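Colleague: From TrEMBL, here are the annotated features:
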BINDING   17-24, 85-89, 139-142  GTP binding site
DOMAIN    8-277  domain 'Tr-type G'
């Protein structure tokens, strides 16, 4: 297959949603359709021995939630699908935000009963800022929920994006009979008796067939015809260019748990979602069809295999072809590095890859040289932009139970901070180590991982700070004066950058007035 065809058949997308909208279940069923797994691990029965295939960390299995972004690859109809299942819990939104820099489109899952929820809105805003195209899937149609027209209006009003249904539900809850595919002009009938963990066989019927009334009953058939006429007359038409510009969201209906409505969605991802797109660097835009390899690191994960204490850097390939064992130039360090043991993932299962192309996401062995945001090239000095780091809002002091294990603790904090799982602040006037996180549940995850992956017992003492800001100034004398005056609040972060910890934003406004030459940043971009 030609180089250009290989790239054009790739689709790299993230799944985003509010917690419990069915995102991880959807991931399972997409993998099932792609043949990547034999049995979907239902996340409904959290106490059973089934665990979601995308939840590889022991803590995720115990709690029944996703706390890290999982990268998975599966084939579907001669396409290579690169799927990233992002954490739905708000405490892990930072990992999700970084993940969204590595994809070309997003699939937004919405619970039909709850509509557009807070985390969905937050994540959509990130997609909107990046002009990332979004497909929407209205989930759990086998349960009672909001009226479909009401859901359409809610999406438009809450998210500020136009919508057009590709499939339309026939009934809801106990009366849910399937969906009508508007583009293909056919009915897809829901088989209640089919096994949940296998693709549901679909029965194709045209809308004007006399079989429709016999299949649906007179009331549902008449309701469906009236609703489709209303959509055709008053709704937005499907304009792929508007979708690609992030102005229009095609909408699909179904039930991930019951494996219904997944196939039309996959077809939509193939026909509507974009192949690998050009990527912006500080110096220029990089086209995926360029022959020379480029990529960037958007995630680092330590100890995915605890038996080997490994460390994997997840890299999005932006252009060209990647080959196993090739040397690449790490722009930040100004040196070449052989990219060893390249792997692609299906959750906890991994396989070595000999080659990969623009759009693919590859895990490469990290001997401790990579940082989130690193740009890799074949020599050109490029800096891909847009991988954010957010100021934490919750803080805790770390205390070792065994002082002799300080070396292991430092290693744990170094690795976990490089992953982006936590930020580490070291006060300039004492030897404390302060952890900063975006959401409080991250403290539990970090404590669990320090104990189980590094064998170190620690306690966390919560601190009264509620914000951190990185500080800068073009006037070095002014910055030195500021650091001396506020030394009790000044820390070095894990990269050696000065930051100030604040108990409230009122103090920040006070400091801005008193020290006008100091600049503050609530986010920084890893480039």
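Note that Cβ sites are derived from N, Cα and C of the backbone, with glycine treated the same way.
What TrEMBL says about a protein is an automatic prediction, not a curated fact.
Source: prediction; values computed, not measured.
What does the local environment look like for each feature on the list?
Modeller: DSSP classifies residue 86 (GTP binding site) as coil under the three-state reduction.
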Colleague: In terms of DSSP three-state secondary structure, what is the assignment for residue 17 (GTP binding site)?
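Modeller: Its secondary structure by DSSP: strand.
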Colleague: Mind checking which of 17, 86 has the fewest other CB atoms within 10 A of its CB? They're the binding-site residues.
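Modeller: The binding-site residues 17, 86 were compared, and 17 has the fewest Cβ atoms within 10 Å.
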Colleague: Using all protein chains in view, find how many other C-beta atoms are within 10 Å of the C-beta of residue 20 (GTP binding site).
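Modeller: Its Cβ has 17 other Cβ atoms within 10 Å.
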Colleague: If one looks at the chain holding residue 141 (GTP binding site), which residues at least 6 apart in sequence have a CB under 8 angstroms from its CB?
Modeller: 112, 169, 172, 176, 179, 253, 254, 255, 260, 261
